[in-house]
Amino acid sequence: MAAPNVAVVGAGVIGLSTALCITETCPRCSVTVLSDQFSPNTTSDVAAGMLIPHTYPGTPIHVQKQWFKETFSYLFAISNSAEASEAGIHLVSGWQIFKNTHKEELPFWSDVVLGFRTMSEAELQKFPQHQFGQAFTTLKCDCPPYLLWLEKRLKAAGIQIYTRKVADLWELHRDYDIVVNCTGIGARQLLGDEKLFPIRGQVLKVHAPWVKNFIRDGDGLTYIYPGIDRVTLGGTREKENWSLSPDPDTTKDIFERCCSLEPSLRGAQDIKVKVGLRPSRPAVRLEREVLRQGECKLGVVHNYGHGSGGFSVHRGTAKEAARLVGECIAALQGSSSKAKL
Ligand code: FAD
């Protein structure tokens with residue numbers, strides 16, 4: 001069989017990392033990325049990019065942990081290399097704090113991040129309204145630089161990248177043997193997947209270089225995540241809200257909530273407001289499907305629906321999607337050798 005032609009649809013963190021994993025696991029594949037938007041205009045550009053997993057109720061915890069571990073190890077190696085600043089990857093330490101004494105078991109990811117421990121009474125004095133907290137070190141992606149770094153790696157591997165809106169995956173069947181669907185919230189329109197819904201997030205990106213530690217209120221709504229150049233202040237989680245327009249009242253509310261945790265933010269400068277739609281689903285859709293029209297077949301691998309945690313698990317899900325592409329290739333090879341008999 002000739003080199004399989006693979007189209008990856010979508011150029012957010014999921015599409016770009018999946019395309020990269022496919023070239024790494026199947027160097028003889030000819031991979032093309034097709035997307036209607038690229039960085040800086042994707043949801044992935046808006047994200048804070050912190051490696052603190054979200055929990056998907058429909059995916060077994062051991063699978064989510066594996067995805068997180070693979071992503072953490074991959075980015076940890078980058079953070080420890082000469083590529084770190086160009087890729088926008090760095091370690092960051094800080095606190096997750098709770099207003100009530102926390103009785104929950106340790107989070108499933110507590111032994112993947114570094115130095116996870118309960119905060120001391122002395123540390124908690126920084127947060128007089130909170131009673132309990134956890135301290136740890138994790139990784140953060142500065143999202144636009146990381147997406148550009150992935151794009152650069154793809155181009156260096158000879159991958160073609162085109163701007164194109166795909167109205168129906170079947171339209172790709174003449175030119176490609178396998179299609180990988182990484183369209184994020186776009187899959188709602190593309191496939192009519194009603195399990196997929198937006199959770200709107202508004203954040204502020206501010207200049208406050210003195211803020212070095214992350215602070216996350218345990219409910220996940222208020223957070224301060226320092227990056228290399230900007231600090232991300234959040235946030236909101238508005239289910240089924242499709243609006244991409246920033247709301248000025250929400251901006252004030254986010255700023256006040258963050259200042260109540262870190263009063264020095266009152267001196268923050270150059271406040272930029274961003275909005276993104278988290279592609280949420282009870283479980284990430286990571287599976288093979290065969291589309292059929294008459295005698296014609298098209299192998300599809302879906303990899304979308306990462307909701308609030310796409311950065312935290314992207315490398316793990318990309319590796320699994322690349323493995324599924326390998327299965328599609330094996331199926332194609334099986335059918336082409338049968339055709340020759
Ligand atoms: P996207 O980035 O939306 O990419 C989808 C791509 O598909 C785009 O390029 C789009 O143009 C393309 N596309 C869609 N439809 C079509 C079509 N029909 N034809 C062609 N192309 C198409 N996650 C974390 O892990 N940590 C965080 O700290 C974090 N913070 C966040 C903060 C906010 C405010 C938000 C909104 C999200 C946050 N997330 C975070 C979640 C994370 O951003 C998402 O899970 C992740 O970006 C999803 O990536 P994606 O590639 O699936 O989607």
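Each Cβ is built from the backbone N, Cα and C atoms, and glycine gets one as well.
TrEMBL lists T43, S44, T183 as binding FAD, and of V31, V63, V166 the one it places in that same site is V166. Cβ contacts within 10 Å of T183 (FAD binding site), excluding its own Cβ and spanning all protein chains shown: 27. Of all the binding-site residues given, namely T43, S44, the one with the smallest number of surrounding CB atoms inside 10 A is T43. Residues near R278 (D-dopa binding site) in space but far in sequence (CB under 8 A, at least 6 apart, same chain), listed by position: T43, I185, P198, I199, R200, G201, R237, G307, S308, G310. With a cut-off of under 6 Å between the Cβ and any atom of ligand 1, the binding-site residues T43, S44, Y223 reduce to T43, S44.
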